[in-house]
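Undergrad: One structure follows; several queries about it will come next.
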Amino acid sequence: MAHKHGHGHGRERIQFANAEDKQEFSKYPTKAGRRSLSRSISQSSTDSYSSAASYTDSSDDETSPRDKAQVNTHGSSDFCVKNIKQAEFGRREIEIAEQDMSALISLRKRAQGEKPLAGAKIVGCTHITAQTAVLIETLVALGAQCRWTACNIYSTQNEVAAALAETGVPVFAWKGESEDDFWWCIDRCVNTEGWQANMILDDGGDLTHWVYKKYPSVFKKARGIVEESVTGVHRLYQLSKAGKLCVPAMNVNDSVTKQKFDNLYCCRESILDGLKRTTDIMFGGKQVVVCGYGEVGKGCCTALKALGAIVCITEIDPICALQACMDGFRVVKLSEVIRQMDVVITCTGNKNVVTREQLDRMKNGCIVCNMGHSNTEIDVASLRSPELTWERVRSQVDHIIWPDGKRVVLLAEGRLLNLSCSTVPTFVLSITATTQALALIELFNAPEGRYKQDVYLLPKKMDEYVASLHLPNFDAHLTELTDEQAKYMGLNKNGPFKPNYYRY
C-alpha cells in the first residue's frame, strides 16, 4: 500500500541473518551507497525536503553554527541555530501556521488549567518548521519541558528554529547540516547536565536509536516513545520482536485520522501541485497511469480525473483493483500501456515498479514521478548509464535523453514528489501534530500497567478526539445519541463509536 506523505522515505532496511551478528539494529548502509558510511540513519533524514519557503539561504554565512557563540535575549546559550537574530521572522511564520492549527490552540485552552504534561521532559526529533513549532509550544503550554532537534538535514526553517530558541526551547538544528552535525545535534539534545528526558517524540527513529545505543539508562527510564513515520515504526517493531524494547511506544503513523489525511486527502491536493510547479503541465486529455490504488493512489486518481485526465491504474491486490474498476478506472499492466502514457505516477511503497525496460519504451516527453514513501519505486539507478544524458532543466526536474533524442522528464530524481516539489497543507500537519500531542499525554499519564513494553496504536477514543477538535474549522455540528439509541447500539454516548476492526 502506498504510504503517507513521506517522512519514511527509508526503505525498510533491517534484516538479520542471526541476532548476534547484527547487534539489534546497529549498522545498515545509508542512501544506496551515495555515502558509504555504514550507520543507522533513516533515509528520510538525508532526503531533500523543501516544504517551506525559507527566508534564509545557507550561503549567507559560511560559519558552522557549531562554531558560533550565540545568546538569546534571556541570556541563555543552550541552543544551536543558524542565527538567533532571525527569531522575529520565525515568530511571524509560527503565527501564520497557528491560524490553520486551531485544534492545537483549543487543546492548549482546554488543558491549560490541569497541565497534563507537568513533569514531562520531552526530547523530540522532527522536521523543524512553523507547524511543528506550534506543536512544541503547545507541549510547553501543557507543562512539558522540551529539547528539540531535526530529523532531516534539509527541512529546518532556520528562522523558526531561532524563534523557538528565543522563547527558551533548546533547539539544535539548522538547514543543510552535515551527517556529523546531524548526530551531534541529537547528542546535544539528549546529553545535558542536570536534565534527563522521560519521553521521546521521534520521526524516522534516529533519536530513539541514538538514545537506545548511547544512553541505555535514559532509554530504560523513559515513560514512552511516540513515533510518527513508517520507517521509525518498523524499527520499533524490530526492537520489540527482538525483546529489546523496554518502554511502551505509540505508533501514531497508523491512527485513522492521520492515515486518511496524510495519504488520501493530502495527496489528492499535492499531486497536482507538485506536477504543476515542476512541469506546468495541462491535465485535460492526458493519458496517466497511477501504479498502486491504496490511499495515496486513490487520492491521486480522484484529482487527476477531476481535471479531465484519462487515468488507468496498475494493482497487485484484487480488492483494490475492484475498487478502481468501480471508481471508473481501467486496471492494466504497466507494460501494456507504457507506450501511450503522458504521465507515470508510482505510489506502491514497493521497489522497481518502473523498470529500465519500461523507461526505454516510453514516448518522448513522458513525465515520471513518485508519490510513494521510498525512492526505490522508479529504477533511477539504471538511468545513470553512459549512453543516457542527464540534463537538469530546473530545480528537481531532469530531462533524461536517449541516444535517438527521446526525452523522459524525471521529477525529484524519483524521490517523494510532494515533499520535494510542493508543500504539505498546514491543516494536514495539524492532524498529525494533534495526534502526537495526545499520544504523549496518554503515555505520560497512563496508570502503571496499562501499557506494557510493546508498540501500541493510539486508542480509538483519542483518534475520535483528534477529529472532533478539527470539526469547528468547518462549522460542523455532530448529532448526539439519545440514551435509548445508545443502549440499542450498545455504545457509550461519548464514544468510541466503532469497533477496533472497523475500516473507515
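Heads up, the Cβ atoms here are built off N, Cα and C, so glycines get one too.
Found this in TrEMBL, in case it helps:
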BINDING   G294, E295, V296, G297, K298, G299, E315, N418  NAD(+) binding site
COMPBIAS  9-25  compositional bias 'Basic and acidic residues'
COMPBIAS  38-57  compositional bias 'Low complexity'
DOMAIN    263-424  domain 'S-adenosyl-L-homocysteine hydrolase NAD binding'
REGION    1-74  region 'Disordered'
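How buried are the listed features, and what sits near them?
TA: For G294 (NAD(+) binding site), other Cβ atoms within 10 Å of its Cβ number 20.
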Undergrad: Can you tell me how spread out the NAD(+) site is, meaning the largest CA to CA distance among G294, E295, V296, G297, K298, G299, E315, N418, in Å?
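TA: Maximum Cα-Cα distance: 22 Å.
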Undergrad: Among the binding-site residues listed here, G297, G299, which has the most company in the form of other Cβ atoms within 10 Å of its Cβ?
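TA: Counting every other Cβ within 10 Å of each candidate, the maximum falls on G297.
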